[in-house]
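Asks: Summarising the annotation, Swiss-Prot assigns ATP binding site to G170, D171, R172, Q173, T174, G175, K176, T177 and lists sequence analysis as the type of evidence. Residues annotated as site 'Required for activity' in Swiss-Prot, with sequence analysis given as evidence: S363.
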Amino acid sequence: MVNIRPDEISSIIRQQIEKYDQDVEVANIGTVLQVGDGIARVYGLDEVMAGELLEFEDKTIGVALNLESDNVGVVLMGDGRDILEGSSVKGTGRIAQIPVGDAFLGRVVDPLARPIDDKGEPASNGTRLIESMAPGIIGRQSVCEPMQTGITAIDSMIPIGRGQRELIIGDRQTGKTAVALDTIINQKGQDVVCVYVAIGQKASSVAQVVSSLQDKGALDYTIIVAANADSPATLQYIAPYTGAALAEYFMYKGKATLVIYDDLTKQAQAYRQMSLLLRRPPGREAYPGDVFYLHSRLLERAAKLNAELGGGSMTALPIIETQAGDVSAYIPTNVISITDGQIFLSGDLFNSGIRPAINVGISVSRVGSAAQIKAMKQVAGKLKLELAQFAELEAFSQFASDLDKATQNQLARGQRLREILKQAQNSPIPVEEQTAIIYTGINGYLDDIEVSKVAEFIRELREDLKNSKPEFGENVRSTKKLEPVSEELLKRAIEDVKQGFDKA
């Protein structure tokens, strides 16, 4: 019989115990109680954070939004068709964040910054939280540099500065996206990074935007974030925050950035859908009580940073769609009160052939005039006054049959001024040419030209300034003023064009 030596066995057991090294991984696990309509109710997950990312068995990602005593309300970032009742859910311990980097320029990504343009994964320089804090009061400085849109009516009367939030508001099909895209196209060569966020739009519309930016050579400095109409409500809700996070990466590197949210009405509707399905109490127009905070925390991230933080800026152009011109609805009034001004696009003006269809009377820029260049200030003040008087006279003259000569002259000048503000889509005008156009109009040089010929005259004047008198543009660009030398050149150009022009 073999002798069993207890000391040998005990030493073997001791060695086994000493070698035993099992890493214990503690996971926060819950169970799905109910799933449907892009919402899951989960039992367990005792240590979950608000806004934490959760992973389901089928690898779908969700966000914990409602933390209740007996369950957690989770919104899904996928269709959730393969999530079963009773399946497990794992807490990741992370708040939603996205990769960021210079390689994202020229790319089309989804709200989680995953590429959707079949060009491969962009190299990232790190990550940023989708929801990050807006810069504080001390970290900001007042708006002091212009953000030229290339649209004469806006740059002269409703100027936008870098770091401003300017709302573009109007009914559907009034040219809101066109104004935003023209602004992106006009940033070519200005060292501005643009981010276009498409929320709840048709994929065909987004494809159209991409191709028009590509044609104009503007895609190289633009990032497009697209949450299409068929995307889950959760992705439509986070898309604007993703756009802001991508822009913040460049802003904190000292760059000027421009973000367009097209449009925030769709984001509010997606958030309303999620809130109602989570059984949060509805408020006005069935929106949840925190829908103001939804937009204010997004738009407060736009800023002009002070020199210590690098002097970068984020300019926000949110778009809001109104119903039958009703700006007193809930979402429009909220966003108007958050932003630093609004550009109101009117359906009636659009249909009567005035494009861009900007209603100058109720459009306003609260801080942009501080950023306007001196040359534009010299001519724009008179333009706004003349147009306001013209609008008043035009309404009055519809009832009067015989008008005195002065009134007729004022009406004639007003019609010509309105004509010079018309502009084709995707053809932004440099600020020095805008100054020349307005100067020509307000100083009566167009009064003897037929209204139908004004556009042709302006086109010839721009050609003459560009080809025969390039020093005019150089002077205005370098001095930012309309100096007597430049004024003389402009007057000569007007005379030269008039000589060979058929006015009638």
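Yeah, the Cβs are placed from backbone N, Cα and C, and that goes for glycine too.
A quick note: this is a predicted structure, and the numbers were derived from the prediction, not measured.
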Asks: Near R172 (ATP binding site), which residues of its own chain have a C-beta under 8 A away, given they sit six or more steps off in sequence?
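Replies: Listed in sequence order: E321.
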Asks: What does the structure give for the C-alpha distance between T174 (ATP binding site) and S363 (site 'Required for activity')? Integer Å is fine.
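Replies: On Cα coordinates alone, these residues lie 15 Å apart.
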Asks: I want to check the contact list for Q173 (ATP binding site): same chain, sequence separation of six or more, C-beta distance under 8 angstroms. What comes out?
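Replies: Listed in sequence order, they are G347, F350.
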Asks: Starting from the ATP site formed by G170, D171, R172, Q173, T174, G175, K176, T177, give every other residue of that chain whose CB sits within 8 Å of the mean position of their CB atoms, in sequence order.
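Replies: Everything else in range on the chain: E321, L345, G347, F350, A357.
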Asks: If one looks at the chain holding D171 (ATP binding site), which residues at least 6 apart in sequence have a CB under 8 angstroms from its CB?
Replies: E321, T322, Q323, A324, G325, L345, G347
Asks: Can you tell me how many other Cβ atoms are located within 10 Å of the Cβ belonging to T174 (ATP binding site)?
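Replies: A 10 Å sphere around the Cβ of T174 (ATP binding site) contains 27 other Cβ atoms.
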Asks: Measure the Cβ-based neighbour count of K176 (ATP binding site), defined as the other Cβ atoms within 10 Å of its Cβ.
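Replies: I get 25 for this one.
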Asks: Inside 10 Å of the Cβ of G175 (ATP binding site), count up the other Cβ atoms and send me the figure.
Replies: 20
Asks: So how many other Cβ atoms are close to T177 (ATP binding site), meaning within 10 Å of its Cβ?
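Replies: Other Cβ atoms found within 10 Å: 22.
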Asks: Would you count the other CB atoms within 10 A of the CB of S363 (site 'Required for activity'), including those on all shown protein chains?
Replies: 21
Asks: Give the distance between the Cα atoms of T177 (ATP binding site) and S363 (site 'Required for activity'), rounded to the nearest whole Å.
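Replies: Just about 17 Å between their Cα atoms.
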Asks: What three-state class does DSSP give K176 (ATP binding site)?
Replies: helix
